[in-house]
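Colleague: There's a structure below that I have some questions on.
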Amino acid sequence: YAWDANEEYLFKAMVAFAMRRYSSKSTTQISNVLLCNVTDRVSFWFVVTDSSKNVTTVPGSEVEAAIRMNRNRINSAFLLSDKTLQFLKITSTLSPPVEPSTPVWLIVFGVVLCLIVAGIVLLIVSGIQKHKKKNKESTERENLEEKVEVTLENGIPCEALDLKAGHINGVYAADDERFTSL
Amino acid sequence: LSATPEIPKEDGRPKWDNKFQYILSCIGFAVGLGNVWRFPYLCQIHGGGAFLIPYFIALLFEGIPLLHLELALGQCLRKGSIGAWNTISPYLGGVGVGSWVVSVLVSLYYNTVLTWVMWYFINSFQEPLPWSVCPLNENRTGFNEECYESTAVNYFWYRKTLNITPDISESGTLQWWLILCLATCWAIVYLCTIRGIETTGKAIYVTAIFPYLVLTIFLIQGLTLPGATDGLIYLFTPNLNTLKNPRVWLDAATQIFFSLSLAFGGLIAFASYNPTKNDCEKDAVTVAIVNSMTSLYASIPVFSVLGFKATTAYWDCLDRNIISITNEFDLPEESIMRQNYTSWISFLNSSYPEKIAGLKLKSCNLQEFLDQSVSGTGLAFIVFTQAIILMPGSQAWAILFFIMLFSLGLSSMFGNIEGVFTPLLELRIISKSAPKELLSGIICLISFLIALCFTLGSGSYWIDIFDRYAGSVPLLVIAFFEVIGVAYIYKIKRFSKDVEWMTGRKLNLYWHSTWRFISPLLLLIVFMAFVTLQMQKPPSYTAWNPKYEGFPMKEEKVYPPWVQAICVLLAALPCVCVPLVALFHLVKQKRRSKDPSFVPPEVFSCQGVNS
């Protein structure tokens, strides 16, 4: 928006409002605020006069304190901020950044850590289960092999009997011949 | 157990689920943080596109041959680094021990870098990002002084994350938030390496592929940012004059070498889980080319973002000057714009020179902002985080960026841990009945406890030391002995027969010439040049000291003697393993040769493993 006489009027009104709130005297009028040296930059000097005390100016420190107290009201009246509406010699108190009660990062950290611990526990447990199963299987297999050996181990393995260590008894062979002569 | 000659003997060694897993693991090991934050920096300071010439020459004559050597070695001998080198020749066992020591040292500090990445990651979920605003001082009239003098991102990095001490001899205290993140990182590493390649093989699908996705997203986003093209032009404009500087060639050779993660023993370990009849030649070429292409691909979004950041800084500089001029001369609002700034300045300078001089305007030069190049942690945690604040939707970008860095680092950690784990498993440190999970747990626990030193106030200085001394010179030495050992002690004829048996093709002249002459020579030259350059000035470091006059510039300090001794120890420890083990074996051999019943071991051959 352009800076014209209406805006100047609003400014005077805001300063008067600030003075009224600060000193809680209802005597400050808009006519008490004087602007001078208005430039195109939109920068100017202003003084506040005190009509009750013979047209003297209110001390600068009072004006500063008044404006500091009502800074945000003045800013919002002009839709500006501390940076865009500067009062030279009045430093603004800065608002601290919003801090939640628990730092957010701890929450995220907690989530990540829980997931990881769950994963590790899962893997370890499945590893132990696999290990137990493998042990059980290998002991079963060992038992099976022993049994097989036991059936073979009648002193001599069966196959060996047929091929190597046995004799064919000639008596039985001769008996067979007698029976088949019919 | 009788078997027909065609079926290889089952030796119970774990193996990859498929070939893709193996290739992906090698690529993930090679592609690490250095591809993102070191290669673009080197490209920038060494004349942009012209740097690619020494880079590709080094790749051809140093990178690919050494990579092929390691992969072929591991695949043929089917053992980790210590076992493999012991089999080649007991005198060369020290090479394996040396790589194992380097892997241990690097694993320790590399995971701490990942701790920082994780810390930034979990802090990225806040609105606004914690590194975008300065905290206030006590009476709330201004900002914290240290933060105000430097920038909010610097403050968050040096104070809130590292809580850095002004000097390396002041250790400071343990930072509890970093300890928590360190524990988490080691827990993640344990989770992924718990059963060796059975688990890393599954994890690698995510950690190796995800960074490419994020890089693509950043590429698209980066190219749409204002000022991106300035950054890219600046990066890729070739300046062929820089090639006359030998420093450029040295940087190219060392970058290729360290980028491919050679001489760590991790590649040998990965290849040892392969079936022997595998084309290692093609694998080596694939991995090397993918690694280099990734470096190039990563530099595009990095430089788009840096160009954006430089442009924004330039505009801020201009805007600040414009405000002071408008205030001084009481000109109407928006009379001076960025476009007509220069004409206004010249006009005002001629008419009111004293007033202009009184304003103390900073000269705004886009080139100067582009020239501010950083590499390493500075790029990721200071420069990039600052650029991310300026982008719309900064939380999402920050989260993506830090997950990408974490995946890149994690896949490299797998290779490092594998280089430590496989030889220990073969040496049978723990009994065979004890599960693998126990060994990996012990490794991770011990590493975590030792790495607690890096969470002290002076931790980041120590990490720089480890990076500069343990992760550089010993690797060159070990790689040199690797090539010499295979080419001249194992004899290239035997090795070429082995490789022929594995790949099914004869080795061509390229491999013969590089393995026999070019690579060892190149390594020797690089090693000497590297050492000479390090020796030229006393080892120094830059410290962050808020009480320094030149603050926020970092203070240049020299290492105290006890720290220098540690540096020498770190560099010498892996190298000294090579002669020590050779000596030890020589003594054992002399004692054994006096024994009449001693039979010399038979000559080893790759095909002998399977027939």
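Note that Cβ sites are derived from N, Cα and C of the backbone, with glycine treated the same way.
All annotation found in TrEMBL is predicted automatically rather than curated by experts.
Quick paste from TrEMBL:
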BINDING   B:Gly28, B:Ala30, B:Val31, B:Asn35, B:Ser259, B:Asn291, B:Leu408, B:Ser412  Na(+) binding site
TRANSMEM  B:20-39  transmembrane segment
TRANSMEM  B:45-67  transmembrane segment
TRANSMEM  B:88-110  transmembrane segment
TRANSMEM  B:174-192  transmembrane segment
TRANSMEM  B:204-228  transmembrane segment
TRANSMEM  B:248-273  transmembrane segment
TRANSMEM  B:396-417  transmembrane segment
TRANSMEM  B:438-463  transmembrane segment
TRANSMEM  B:469-490  transmembrane segment
TRANSMEM  B:510-531  transmembrane segment
TRANSMEM  B:562-587  transmembrane segment
Colleague: For the transmembrane segment (B:438-463), give me same-chain residues lying six or more residues beyond its boundaries with a C-beta closer than 8 angstroms to one of its C-beta atoms, as numbers and ranges.
Modeller: 104, 107-109, 111-113, 115, 162-165, 167-175, 178-179, 182-183, 186-187, 189-190, 193-196, 377, 417, 420-421, 424-425, 429-430, 541, 543
Colleague: For the transmembrane segment (B:248-273), which partner among B:45-67, B:88-110, B:174-192, B:396-417, B:510-531 gives the most CB pairs under 8 Å?
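Modeller: Stretch with maximum Cβ contacts: B:45-67.
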Colleague: Honestly, do the transmembrane segment (B:45-67) and the transmembrane segment (B:510-531) touch, with at least three Cβ pairs under 8 Å and pairs 6 or more apart in sequence?
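Modeller: By the criterion, they touch.
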Colleague: If contact means at least 3 Cβ pairs within less than 8 Å, sequence distance 6 or more, would you call the transmembrane segment (B:562-587) and the transmembrane segment (B:88-110) in contact?
Modeller: yes
Colleague: Which stretch from B:20-39, B:88-110, B:396-417, B:469-490, B:510-531 shares the most C-beta pairs under 8 Å with the transmembrane segment (B:204-228)?
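Modeller: Comparing B:20-39, B:88-110, B:396-417, B:469-490, B:510-531 against the transmembrane segment (B:204-228), the winner is B:396-417.
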Colleague: Can you tell me which recorded stretch out of B:88-110, B:469-490, B:510-531 has the most Cβ pairs within less than 8 Å of the transmembrane segment (B:396-417)?
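Modeller: When the Cβ pairs under 8 Å are tallied, B:88-110 comes out ahead.
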Colleague: For the recorded Na(+) site, enumerate neighbouring residues of the same chain (Cβ within 8 Å of the Cβ centroid of B:Gly28, B:Ala30, B:Val31, B:Asn35, B:Ser259, B:Asn291, B:Leu408, B:Ser412, site residues themselves excluded), in sequence order.
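Modeller: The surrounding set, listed in chain order, is B:Ile27, B:Phe29, B:Gly32, B:Gly34, B:Ser261, B:Thr294, B:Ser411.
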Colleague: Non-local Cβ contacts of B:Ala30 (Na(+) binding site) (under 8 Å, 6 or more apart, same chain)?
Modeller: B:Ser259, B:Leu260, B:Ser261, B:Val287, B:Ala288, B:Val290, B:Asn291, B:Ser412
Colleague: Let me know the DSSP-derived helix, strand or coil state of B:Ser259 (Na(+) binding site), please.
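Modeller: Assignment for B:Ser259 (Na(+) binding site) reads helix.
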Colleague: What residues in the same chain, six or more past the boundaries of the transmembrane segment (B:469-490), come closer than 8 Å to it by Cβ-Cβ distance?
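Modeller: Residues packing against the transmembrane segment (B:469-490) from afar: 65-66, 69-70, 73, 85, 88-89, 91-92, 95, 98-99, 101-102, 105-106, 109, 254, 257-258, 262-264, 515-516, 519-520, 523-524, 526-527, 530-531, 534, 567-568, 570-571, 573-575, 578.
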Colleague: Secondary structure at B:Ser412 (Na(+) binding site) (DSSP, helix/strand/coil)?
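Modeller: B:Ser412 (Na(+) binding site) sits in a helix per DSSP.
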Colleague: With every protein chain in view, how many other Cβ atoms are within 10 Å of the Cβ of B:Ser259 (Na(+) binding site)?
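Modeller: Around B:Ser259 (Na(+) binding site), other Cβ atoms within 10 Å: 23.
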Colleague: Counting only residues 6+ away in sequence within the same chain, which have a CB under 8 Å from the CB of B:Leu408 (Na(+) binding site)?
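Modeller: Set apart from B:Leu408 (Na(+) binding site) by at least 6 residues yet with Cβ under 8 Å, we have B:Val31, B:Gly32, B:Leu33, B:Asn35, B:Val36, B:Thr207, B:Pro211.
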